[in-house]
Amino acid sequence: MAPGRTGAGAAVRARLALALALASILSGPPAAACPTKCTCSAASVDCHGLGLRAVPRGIPRNAERLDLDRNNITRITKMDFTGLKNLRVLHLEDNQVSVIERGAFQDLKQLERLRLNKNKLQVLPELLFQSTPKLTRLDLSENQIQGIPRKAFRGVTGVKNLQLDNNHISCIEDGAFRALRDLEILTLNNNNISRILVTSFNHMPKIRTLRLHSNHLYCDCHLAWLSDWLRQRRTIGQFTLCMAPVHLRGFSVADVQKKEYVCPGPHSEAPACNANSLSCPSACSCSNNIVDCRGKGLTEIPANLPEGIVEIRLEQNSIKSIPAGAFIQYKKLKRIDISKNQISDIAPDAFQGLKSLTSLVLYGNKITEIPKGLFDGLVSLQLLLLNANKINCLRVNTFQDLQNLNLLSLYDNKLQTISKGLFAPLQSIQTLHLAQNPFVCDCHLKWLADYLQDNPIETSGARCSSPRRLANKRISQIKSKKFRCSGSEDYRNRFSSECFMDLVCPEKCRCEGTIVDCSNQKLSRIPSHLPEYTTDLRLNDNDIAVLEATGIFKKLPNLRKINLSNNRIKEVREGAFDGAAGVQELMLTGNQLETMHGRMFRGLSGLKTLMLRSNLISCVNNDTFAGLSSVRLLSLYDNRITTISPGAFTTLVSLSTINLLSNPFNCNCHMAWLGRWLRKRRIVSGNPRCQKPFFLKEIPIQDVAIQDFTCEGNEENSCQLSPRCPEQCTCVETVVRCSNRGLHTLPKGMPKDVTELYLEGNHLTAVPKELSTFRQLTLIDLSNNSISMLTNHTFSNMSHLSTLILSYNRLRCIPVHAFNGLRSLRVLTLHGNDISSVPEGSFNDLTSLSHLALGINPLHCDCSLRWLSEWIKAGYKEPGIARCSSPESMADRLLLTTPTHRFQCKGPVDINIVAKCNACLSSPCKNNGTCSQDPVEQYRCTCPYSYKGKDCTVPINTCVQNPCQHGGTCHLSESHRDGFSCSCPLGFEGQRCEINPDDCEDNDCENSATCVDGINNYACVCPPNYTGELCDEVIDYCVPEMNLCQHEAKCISLDKGFRCECVPGYSGKLCETDNDDCVAHKCRHGAQCVDAVNGYTCICPQGFSGLFCEHPPPMVLLQTSPCDQYECQNGAQCIVVQQEPTCRCPPGFAGPRCEKLITVNFVGKDSYVELASAKVRPQANISLQVATDKDNGILLYKGDNDPLALELYQGHVRLVYDSLSSPPTTVYSVETVNDGQFHSVELVMLNQTLNLVVDKGAPKSLGKLQKQPAVGINSPLYLGGIPTSTGLSALRQGADRPLGGFHGCIHEVRINNELQDFKALPPQSLGVSPGCKSCTVCRHGLCRSVEKDSVVCECHPGWTGPLCDQEAQDPCLGHSCSHGTCVATGNSYVCKCAEGYEGPLCDQKNDSANACSAFKCHHGQCHISDRGEPYCLCQPGFSGNHCEQENPCLGEIVREAIRRQKDYASCATASKVPIMVCRGGCGSQCCQPIRSKRRKYVFQCTDGSSFVEEVERHLECGCRECS
């Protein structure tokens, strides 16, 4: 037997043994350990918030609770929860789950609670929960579910709480809830439900909570049952509103009368819906059982497609794999097209169960191997296209079930041989394509030549690639004897039937036996396909710079030697040598390696010789050679090693020779260990020598004494490896995330092999130039930065870049060569910038681009942008979002749909648009400055002499700015630091004349006078008794010409002035005041007091006498009035009533002596009255009477922790209580109080309730509050207004909150039945006056204030005159209405005519009254016009003179606010939204929306909150099947 054959047989046996070992491991008992990163406690497993993308493996079988919320899980498979038979609680909320495979919960028999809310589910598979009979709570809210199929909840008969709110549900199939007999809570709010079948809730006897609000309910005859059903159950289904038809929009379903629920035309049963028809993926289109997802950028096979599909088209996407059972549920599928994707991995059972499949198209992918059994069971398959892949092997039984196959294409693959018998099962084959494969025409392919000669079905012209003697010859034309085998060919191909075949010699290489010599070929990377038999691989003298981790050595089990010498290798990636356990010799001599780490040699466990000579290595770390326990020879000769970390060679247990010569070793304290190691180990080393310090130079390291290895100062070990991830970022494999870090530049330490780089949300102003050095990048996210400009060739080195995100920056201009070199780019996002133009040719290199985002840019759509519109239309690379902003004729038009001929140039372009790509065109540099473009600042100005600043607007001639103060003169001077000098006027000094010298430093003021500095002088302020310029003259105030004392007072001179001695009866400093001695007079009996000098005189009334009129006349006691000794206050008059004195109070006052002010009139703008807080208790009764003719104002206000206000609002009384711990509550009076009359208002606070009573009517209550209102404890009570300094700060203000004061009268304010006294009125400026005089003038009418002290009267009917005190006559007395009724209008009247008459006096006969009897309206009602002519008012959907024409299906735009119910608050959009209402006839079909889109709107709620929600807007109406 040949040696080669023996070796191959051993390899096969080794693989079989390995497979058996793996099978035994996999079949063993599962580990009970906790999944990685998760936390396990008892029977609970917590994996929440770990960023997981899939359900982790290894979940303990005894788990009862599993938390997987707040991760990034996208798919739930059938295997994820296998064996978890004890699980009771499962949390999957807040993930990205879009697919749940059927049977995913089949083992969860004990499951009680399942949360799947806040995911991306669009389809709810039928029978998903049939194996969870104990489920009681199921939360599916906040997903994207579109329909509820009939069998969705089969099996969960015990569920009590089902939450389906905040989805996109528009269809609920009949019987969907039939199994839910124990259901108590059902939430369906915030969906798109328009119809609900009458049987939907019949089987829910225990239902106590039902939420249906915020849907699109169409209230026609089919929904009448729901109105009755809700009226019988008033506590559930609250806020359920009609949204159509238009005349019922906004009405509560329960409140609409049954007669209003009508259907147009004949009707019987409600139209049924099909939930499966709604399960079309959002990126695809579905019609006629065909799903079309072509060119949608999909990365995986869409799940939950309509079950009845017969064809799916997935070509031209980015799908990389086909998972197990991807199409198993689509039993009717006949055609699958997944061509032109990136598929490299296909599960063996990907097409399982597709017995009806006739066509399978897989061409244009990256398939290298067909898994065993992939096509098994496809008995109906007729067309199979596998061309344009990378298939290098086909097992002999690959096509064993394809008896009906007609056409098979294997064109353009990597097949070198085909096993005999591969095509034997193909009994119906008619066409076979095998060309463009590198066939090795040896003895193993002889059968194919015979087969093709007998069956001439190969039509593509398959040819031999090797050996050379048969190269390029057609296989079908070569004679059988030409197919011969050499030794290597036999070794290579004999196991081809099981895909153990080997490859031919790589291009540019030479193969001799098992030696593959690829040296000196200028290769930049290791060839991707090498023969399996290779033992010696020679790659020396090439241009390889980086050794990638491609896994190439895993395919070379026989490899023993690798020569990579004399390349340009700078980096060896981790895992580059994985699978090279059999390699014994590795040559890396003569490269450019600078650093080494243990991961770079991973996989070389059998290595014996390692040559690293002549590199740039500077240090050797203690993990550099980890795992190389078999190395015997290590050469580090001729490097730049200065230090070696202790223990660097410890793992080299087999080492016998090490070459460390020609290295600049620094023999400091860190190298002491090496001397000891060399002396201790008997090893050949060549005696490496020290180069530093100087006194140890050229001394062998092993000869240096231990005390001579010293460190001076801070000599750190230089072998500390730099981190592979910047400290501001996080790195996972080759993905680097530096988002929202406030970065201004690219962080240092970026891994060279980074493939995805996220830099969004930083402060970058330009694309970092360093990015061009990272050539492996496939994705760059630079969104939400401040990048304002791109430069040409910015990304030209990034040949692998497929996604570039530049959205939400400040980009103003796109240079024509900005994207040159990006031939692999598929996604370019320029969304949300300031781009107005894109030069033609900018996208010439973007040959792979499939998606371009240009939305939210102010595009200027003239002729220069015509090319872009054509380019977009040609490839549909822009999804129809980008709109034109200018010129005006193109505003708001889509680039995708606007006809090309509309892109025209008319007149000059706005300079602000042109300047975006050349800011200098807008002449930003002033004062003759020179402008030049700048990539960051947009432009830069070079200023002329004497100007500076960004725009050259700051003058350097500082005299222009008048720097000299106080009138100083400026002179330019180069010798001064500031370039100028000042000539100061007298009295000032300093560089800018800013200093006024103190002239008081040397003054002549006398007698302790005060000196006051002036400008170049000073003044003396004299003390008392002194005068003169210098205060040197004495003053005598008592000389006659200076005596100031009055009324003959005596002047007395003092040292510091004078004083006056007053005569009796006078006072004051100068005796200027005549004292009023009547202030405390003793005159009696109403005598008049007359003041005199130092006394007073009493003038007695008639009959009285005495000094104080104390003697009455004779008989006076019999004539004394009771009022004589009774004093009335505030100008009241005393009268005698029943022999008792009584005060007749003026308006506004009350009390026995009119001492209390109980009525005040508020006439000022900011008037108010303040009552002390002590007057109000937490439980209080406040009452008052109000008279006003104003609509709004503040009656009462109390501001503290729980603000309370009693307001006049639109003529009604409004009570507002605004607790800071809960939403504000409001109640309004039914009565109006703005008629000028007095109305009683009462506020009662008791037992956590607030009640409002107006005019003794029915109380209005705010209901039970959370706590007792804390009114009146810490702050005052304001009536009629508030101080301007206070404001309504404590109350949450709204658009309807009146901030103005009250204008009118407030009378009899009582707090806890105690009448309040307003005596302590504010100052008159506040506009509060006693009484309410203006309201008592008009006898039979209402007072209206026209000025501060003036009123006019508005009389009641039947009264007239200025004061409404004259009785008016009835104007209808003696009226002249002939055939009608007289109606009085003030002082006149009008005639209301009877039917058949007209005219001012109803004296003209009208013959048009019966005109409608002969005028027929088919679909409307007849009316008479102002001219007496009949006309038809048509029903919606009809037109014509007689409403006989049915309108075509058209959309009518209605602008109105969209309403939502959020908990107990009513919410509406901030502005009116255009809504399209479809009206018109469609015959047997229905007029319905056929095109719509979703837009985001802001909703504002009555509780003060707001939120943003996507709302579906209809764009086009048409006829379609009724649903």
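Placement of Cβ uses the backbone N, Cα and C atoms for every residue, glycine included.
Positions annotated as signal peptide by Swiss-Prot: 1-33. Summarising the annotation, Swiss-Prot assigns domain 'LRRNT' to 34-61. Swiss-Prot lists ASN72, ASN192, ASN563, ASN622, ASN784, ASN792, ASN797, ASN928, ASN1025, ASN1181, ASN1247, ASN1406 with the feature N-linked glycosylation site. Residues or ranges marked as repeat 'LRR 6' in Swiss-Prot: 182-203. Under the heading disulfide bond, Swiss-Prot lists CYS284-CYS293, CYS509-CYS518, CYS669-CYS711, CYS920-CYS931, CYS964-CYS982, CYS1022-CYS1031, CYS1078-CYS1089, CYS1123-CYS1134, CYS1128-CYS1143, CYS1393-CYS1402, CYS1412-CYS1422, CYS1482-CYS1519 (among others), citing similarity to another entry as support. Feature annotation from Swiss-Prot assigns domain 'EGF-like 5' to 1074-1110; the stated evidence is sequence analysis.
Overlay of Swiss-Prot annotations on the structure.
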residue	record	CB count, 10 Å
CYS293	disulfide bond	25
CYS509	disulfide bond	21
ASN563	N-linked glycosylation site	21
ASN622	N-linked glycosylation site	16
CYS669	disulfide bond	13
ASN797	N-linked glycosylation site	15
CYS964	disulfide bond	24
CYS1123	disulfide bond	16
CYS1134	disulfide bond	18
CYS1482	disulfide bond	18
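Summarising model confidence by region, the domain 'EGF-like 5' (1074-1110) averages a pLDDT of 80. Around ASN792 (N-linked glycosylation site), the same-chain residues six or more apart in sequence whose CB sits under 8 Å from its CB are PRO815, VAL816, HIS817, ALA818, ASN820, listed in sequence order. Counting every protein chain shown, the Cβ of CYS982 (disulfide bond) has 23 other Cβ atoms within 10 Å. Cα-Cα distance from CYS518 (disulfide bond) to CYS1422 (disulfide bond): 98 Å (rounded to the nearest whole number). Ranking the recorded positions CYS931, CYS1031, ASN1181, CYS1393, CYS1519 by the distance of their Cα atoms from the Cα of CYS1123 (disulfide bond) places ASN1181 first. The glycosylation sites listed here are ASN72, ASN784, ASN928; among them, ASN784 has the most other Cβ atoms within 10 Å of its own Cβ. CYS1089 (disulfide bond) has a Cβ environment of 19 other Cβ atoms inside 10 Å. Each residue contributes its Cα atom, and for CYS1143 (disulfide bond) and CYS509 (disulfide bond) these two points are 130 Å apart. Shown for the domain 'EGF-like 5' (1074-1110): DSSP residue counts in helix, strand and coil, namely 4 helix, 12 strand, 21 coil. Checking each of the recorded positions (ASN192, ASN622, ASN797, CYS1031, CYS1089) against ASN1025 (N-linked glycosylation site), the C-alpha distance stays within 10 Å for CYS1031.
Long-range Cβ neighbours of CYS931 (disulfide bond) (same chain, at least 6 residues apart, Cβ-Cβ under 8 Å): ALA919, CYS920, SER923, PRO924, CYS925, TYR939, ARG940, CYS941, THR942. Candidate recorded positions: ASN72, ASN192, CYS284, CYS669, ASN784. Nearest to CYS1128 (disulfide bond) by Cα distance: ASN192. For the repeat 'LRR 6' (182-203), residue counts in helix, strand and coil come to 0 helix, 3 strand, 19 coil, using DSSP. Per Cα geometry, CYS1519 is the residue among the recorded positions ASN928, CYS1089, CYS1134, CYS1422, CYS1519 nearest to CYS293 (disulfide bond). Less than 8 angstroms from the CB of CYS1412 (disulfide bond) sit CYS1422, HIS1423, ILE1424, PRO1430, each of them six or more residues away in the same chain. With helix defined as DSSP H, G or I and strand as E or B, the domain 'LRRNT' (34-61) counts 0 helix, 6 strand, 22 coil. Under the three-state DSSP scheme, CYS1031 (disulfide bond) falls in the coil class. Neighbour counts of Cβ atoms within 10 Å were taken for the disulfide-bonded residues CYS711, CYS1022; the minimum is at CYS711. The candidate set comprises the disulfide-bonded residues CYS518, CYS1519. Of these, CYS518 has the most other Cβ atoms within 10 Å. In the three-state DSSP reading, CYS964 (disulfide bond) counts as coil. In the three-state DSSP scheme, ASN1181 (N-linked glycosylation site) falls into the strand class.
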